[in-house]
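Chemist: The structure's right below; bear with me while I get my questions together.
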């Protein structure tokens, strides 16, 4: 009965970790609107942290469309710093979130199995809380930085082989950033709940 918040921390941390993974995999970090629709037929391109994609009707039969994607390489010098940072920090966040879930599961297992090892349980909840918060901060940095880049309508000097303009006429936030923000909130809440655990103090009373 003393670990309800920590059980909630595990549930929220699990959802936050899943949303972090989804956000990292989505290509819709930035939505670019372009004027030239010769190749980018829909006039919209999606810039993610691993690749850039757009829909084109070029070389496709009438009435059909195809999505073309160009994956980023570690040797691409044109990629802005916020995308490189997002790649690294989101991978770290995934690992930290998984470690936080593992530590929380171990502590909850001891509690629900009636193992009264105060130091061990407390330390694992503290460890889990630290991992959750660290993971949340690792997601917060790239999400905030990329959101700022969208708000400033910053350009990216794509090479000619990408068939992308260096700057859009306008750009907006894609679905990955709101999902990342929700992941940050859930992970930070999980960390706070885990760190708040206090081992119960029991007293012995004589029954007459």
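Even glycines carry a Cβ here, placed using N, Cα and C.
When I checked TrEMBL for this same protein, it listed these features:
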- 6-27: transmembrane segment (TRANSMEM)
- 39-58: transmembrane segment (TRANSMEM)
- 83-108: transmembrane segment (TRANSMEM)
- 120-145: transmembrane segment (TRANSMEM)
- 175-199: transmembrane segment (TRANSMEM)
Chemist: Six or more residues beyond either end and a Cβ under 8 Å away: which residues meet both conditions relative to the transmembrane segment (175-199)?
Modeler: 2-3, 5-6, 8-10, 12-13, 15-17, 19-20, 22-24, 26-29, 48, 93, 97, 100, 104, 107, 118, 121-122, 125-126, 128-136, 139-140, 142-143, 146-147, 150
Chemist: For the transmembrane segment (6-27), find every same-chain residue at least 6 residues outside the stretch whose CB is under 8 Å from a CB in it, and list them.
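Modeler: Distant contacts of the transmembrane segment (6-27): 46-53, 69, 90-91, 93-94, 97-98, 100-101, 104-105, 107-108, 111, 125, 128-129, 132, 135-136, 139, 143, 174-177, 179-180, 182-187, 189-194, 197.
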